[in-house]
Amino acid sequence: MASKQTPNEHHFVDIHPVLPEEDEESERPTPVPFRPRFERRPQKSFSRQVSLETGFSALKRESRGSDDDRRMLSRSGRSLTGYRGGGGGGGDVVRRRGDFDLFRTKSSLSKQNSSLPLRRDQGDHDRPSNAFEASGAADASVNQRVPGAGRYFAALRGPELDQVKDSEDILLPKDEKWPFLLRFPIGCFGICLGLSSQAILWGALSTSPATRFLRVTPNINIALWLLALAALLSVSLAYSLKCTFYFEAVRREFFHPVRVNFFFAPWIVCMFLSIGVPPSFSTHHQLHPALWFAFMSPVFFLELKIYGQWLSGGKRRLCKVANPSTHLSVVGNFVGAILATKVGWPEPAKFLWAVGLAHYLVVFVTLYQRLPTNEALPKDLHPVYSMFIAAPSAASIAWGAIYGEFDCVSRTCYFIALFLYASLVVRINFFRGFQFSVAWWSYTFPMTTASLATIKYAEAVPCDFTKGLSIVLSLVSSTMVSVLFISTLLHAFVWRSLFPNDLAIAITKNRNRQPKKEKRPLRKAYDIRRWTKQSPLSIVSNFKKNVSDRKGSAEDERMIQHSVE
């Protein structure tokens, strides 16, 4: 080792990359054992959104100049949008076509897949060749039914359960504007409910003996009826397109504990329009029974499914899913009973009235008790509570239509509705501070139905008080509908905020697991409270026991020291 070393005498093979700050002329480099290392393929890193089964969080970009070029996705609900980087041509295709494929109908997805180019490079198994393959893997794992109504209650908040909690992620991007059909909710049929019930109200004001002194022109009834018909056709067309192209969104709305009740709304609107058809449009005094059969059959089949779930129990039993909008499923029976009397079928009308009364009592008691398991009722009051007025008001009108007079049963139902109406009016301050939404329209027809019941009561008991009450309630309901109609036009055409992103349908199947909080302080506080609740005798006995234990331990220590010495 005394001889001078040359670079040719010792040759060390190092496969590690040479850092620039290393000195090549250093004295005698430390020998490194030869460890052949094979180049490993960089593994794909996964973020938190993969635990929600929403897709990959990082995708490797195959390019010539870089070996490890990855783009991370932020937690903004964009997990299904695929790769957004430049360079490769596949990323742009995924960005254009893969955003909302999760909620598209399967037939439209297959058509898109047939129009996209097939994979030609069989050696590359990591990069998807088209948008359908990029979103297909996520679609197979995420496009599943949200199990039970409890998942909606856990992920959403608000009276209509349409606001996502801050701790939840969604399947679609929040910072982008979704397609119109995905933003079009089933609650839009509430607009038709408000307008069609107003057409019936103004028809009654123009023909009722109790309000004949007002000399209301029938043209208002005709104009409102035509407006309600146009609204029904427009909303039905839009929602039919949604069922065609985004059936997964419709299915999620059907399993939503609040929105499932709005699937009764289109058929109730059809029955409203049949009941309130202007006399100038109908040549016969009696409607055809086919109308009742066509509009009541969907309501009846929906009731068989929903009432069966209430009765059989399970995750969708009534105490779990009951909310004020549940009255919509009950009101359909009473409206169907009224239409049955119009077509000349009194027995089916009595049957529907009995079914509606039985389920209304159950729903009313469940909501009135405010069960601890019922998570749908918020603490603050909201116009949704006007749904309490709809069922008894419709029941009183239906009973009077069946038996031809506003007798004791009709008056009993009407008085219940009138008391509930008054209990909401005195708490008008609690209705402030809520953001406008399309769902507010469905809360207008209960007040209109109460006004109609008041007109019928004024006909049975004619006096100045009943007539004045019918005029006041009719004015209140008409004013509410007018205000909502103007607000809807402003939000739709001026502010363009009528249909925001419907975040309620984009919740994930599984809930995010939050870290558990430590419970040690609670245990200490519990121990202190338990100690203070003990009797004085037990405290003294415990104190003597502790003292004796200490004395015994001290004597033991002395004996041990004595034995050691």
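Counting starts with 1 at the first residue shown.
Cβ atoms are placed via backbone N, Cα and C, with glycine included.
As written in TrEMBL, here are the features:
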REGION    1-92  region 'Disordered'
COMPBIAS  44-54  compositional bias 'Polar residues'
COMPBIAS  59-72  compositional bias 'Basic and acidic residues'
COMPBIAS  83-92  compositional bias 'Gly residues'
REGION    111-140  region 'Disordered'
COMPBIAS  118-128  compositional bias 'Basic and acidic residues'
TRANSMEM  180-202  transmembrane segment
TRANSMEM  222-241  transmembrane segment
TRANSMEM  262-281  transmembrane segment
TRANSMEM  287-307  transmembrane segment
TRANSMEM  328-345  transmembrane segment
TRANSMEM  351-371  transmembrane segment
TRANSMEM  383-402  transmembrane segment
TRANSMEM  414-431  transmembrane segment
TRANSMEM  438-458  transmembrane segment
TRANSMEM  470-494  transmembrane segment
REGION    546-565  region 'Disordered'
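Sequence-remote contacts of a segment are chain residues at least 6 beyond its ends whose Cβ falls under 8 Å from one of its Cβ atoms, and for the transmembrane segment (222-241) they are 180-181, 184, 186, 188-189, 191-192, 195-196, 198-199, 202-203, 250, 266, 269-270, 272-273, 276-278, 280-281. Taking pairs at least six residues apart, the transmembrane segment (262-281) and the transmembrane segment (328-345) share three or more Cβ pairs below 8 Å and count as touching. Spatially, the transmembrane segment (180-202) is adjacent to the transmembrane segment (438-458); three or more Cβ-Cβ distances between them are under 8 Å for residues at least 6 apart in sequence. Cβ atoms under 8 Å from those of the transmembrane segment (328-345) belong to residues 261-262, 264-265, 267-268, 271-272, 274-275, 286-289, 291-292, 295-296, 299-300, 302-303, 306-307, 352-353, 355-356, 359-360, 363, 387, 390-391, 394-395, 397-398, 401-402, 442 of the same chain, restricted to positions at least 6 beyond its ends.
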